[in-house]
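Below you'll find the structure, written out as structure tokens, and then a few comments.
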Amino acid sequence: MENDKPFIVVLVGPTAVGKTEFSIELAKKYNGEIISGDSMQVYKNMDIGTAKITLDEMSGIPHQMIDILEPDEPFSAYEFKNRAQKLIKEITHRGRVPIIVGGTGLYIQSLIYDYAFEDETISEAHSESVETQLAELDQLSNDELHQYLASFDEISAQDIHPNNRKRVRRAIQYYLKTKKLLSSRKKVQQFTENYDTLLLGIEMSRDILYQRINTRVDIMLERGLLSEVKQLVENGYETSQSMQAIGYKEIVPVINGQISLDEATNKLKQHSRNYAKRQMTWFKNKLDVLWLDREKMSLSLMLDEVSVQIQKRRT
């Protein structure tokens with residue numbers, strides 16, 4: 001292993017592929033602590049819809065970046081990177097191996113590589129002007145604000161749902177600040193690794209994965225997803241950005257009497273399958289992953305392959 005960079009293990013893969021189970025085995029074998037790389041598991045009281053690991057499933061392995069925010073608090077790749085970097089230092093200092101587990105690709109990418117966004121620094125006067133314009137736009141409805149965005153950045157408008165007011169506003173703010181379109185913005189990324197990273201991924205055939213996703217949704221509903229979402233709505237979180245996540249946005253209309261549970265269930269399964277497909281495409285296009293086939297390999301064989309890869313780094 002490289003001596004000048006901390007060693008970390010990163011485990012990626014689509015939703016429902018079995019990352020949680022394998023991560024526990026990895027942590028047991030390599031004296032690891034797990035950092036969640038999931039954009040939703042940071043939120044308290046959003047357990048069932050995020051398939052959050054339970055205390056029993058943790059098997060005594062320390063887990064970080066879970067239940068750290070209220071549902072109405074913002075969270076971003078930038079915030080994740082800052083917190084994860086500190087945790088990696090702490091875990092390494094304890095003589096343990098940081099194991100980052102997640103399906104949010106941008107979070108993983110931002111942590112592994114030097115990754116930053118274009119500078120948006122502007123003068124104080126310009127900043128005040130932008131804020132004044134935004135304050136006026138804040139009077140618009142979601143649909144009106146979305147239409148305003150579409151008037152100059154149609155691509156971003158197509159990519160962002162009208163109800164995702166935060167992202168719509170952000171795209172407008174970026175344009176007002178820079179006179180550039182958010183859709184044409186290029187992220188500045190230097191492919192310099194911040195860590196000595198063993199990047200693993202779990203995969204399986206699409207048919208089997210989709211079956212697992214459908215089953216997982218059924219289990220979520222049996223475990224009380226409807227009650228969880230109802231409680232969040234009653235607590236005033238219905239319009240929070242976190243409630244736009246898959247697993248929640250499909251159930252809110254049921255709570256409000258707009259659609260049936262059967263219709264919501266079908267939507268949730270479809271959205272989850274679509275998300276899994278996007279995840280796999282992203283991981284395979286953006287990251288250099290050592291893929292482990294869960295259908296062809298037992299957990300034991302997967303662990304053996306990890307041992308081989310670690311041994312190679314030591315020689």
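Cβ atoms are placed via backbone N, Cα and C, with glycine included.
Model, not experiment: these values are computed from the prediction.
Among the residue ranges 38-41, 138-141, 178-181, the one that Swiss-Prot annotates as region 'Interaction with substrate tRNA' is 38-41. Looking only at the region 'Interaction with substrate tRNA' (38-41), the predicted model's pLDDT averages out at 94. Under the three-state DSSP scheme, Thr20 (ATP binding site) falls in the helix class. Note on Gly13 (ATP binding site): other Cβ atoms within 10 Å of its Cβ, all shown chains, come to 26. Counting residues of the region 'Interaction with substrate tRNA' (38-41) by DSSP class, helix then strand then coil, yields 0 helix, 0 strand, 4 coil. Within 8 Å of the Cβ centroid of the substrate site, not counting the listed residues Thr15, Ala16, Val17, Gly18, Lys19, Thr20, the chain contributes Gly13, Pro14, Glu21, Ala51, Gly103, Ile202, Arg212. Taking only the Cα positions, the spacing between Val17 (ATP binding site) and Thr104 (site 'Interaction with substrate tRNA') is 14 angstrom.
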